[in-house]
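Structure record follows, encoded as structure tokens.
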């Protein structure tokens, strides 16, 4: 399918029920402050051969809806990762949880890849097991801002692109689902060893700076240690909170037409480590 044919309407837009917050209400610079420019409603971060840049939420969260609109760098961006994610790796190094929305940079003739990932470190054996699902998009993410979001509840994780659910990861057991508090991050960095075609194409600093733009932050979460009565927002029109038939149909369409990698379908993976598949 050529870029441009969009998915069927999911019939519901969760982002419209979550208010937009200003960058500095929620986030602080984490690294590369000289490569970060914030104004009222948006933040621009960039990577050159001296440094990338990243930001981090002021609070850790136990659950919630976490979204931003991003606009990516066109042209040669191989080896560069532009990301928006949840993690507790600073608290649990080598043994952490993560929920990732990552753009894998590309060469000019290829499409950007959106990688979604969930890390769970319930097993404590030090093996970081990725659960990657990679997608191409039905639009060019360098031309304009588009909304990307993840919902994390005690029972499931759902990834959204422009309010269309693209992936749902359900809690099947304690060992395969992240439950510890996480912070929200955004970053741009050099991942030449693996980001593009398993590291075949590296970052090329003749094309620097590599720029990531973020705006329209939508964060509605339960802060870690907050009231036990707190509930993450619903992302569906139904009271049950799970996706509607129309949302599921849109998600299935995206996965049929734009899914380019699914860890559960990878014959090289040790399926003993990914029992949820």
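Note that Cβ sites are derived from N, Cα and C of the backbone, with glycine treated the same way.
What TrEMBL says about this protein:
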{"type": "ACT_SITE", "residues": "98", "note": "active site, nucleophile"}
{"type": "ACT_SITE", "residues": "102", "note": "active site, proton donor"}
{"type": "DOMAIN", "residues": "2-214", "note": "domain 'GH16'"}
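Summarising the environment of the residue listed as 'active site, proton donor', the number of other Cβ atoms within 10 Å of its Cβ, over all protein chains shown, is 19. Listed in sequence order, 85, 86, 87, 88, 89, 117, 118, 119, 178, 182 are the same-chain residues at least 6 apart in sequence whose CB falls under 8 Å from the CB of residue 98 (active site, nucleophile). Mean pLDDT of the predicted structure over the domain 'GH16' (2-214): 94.
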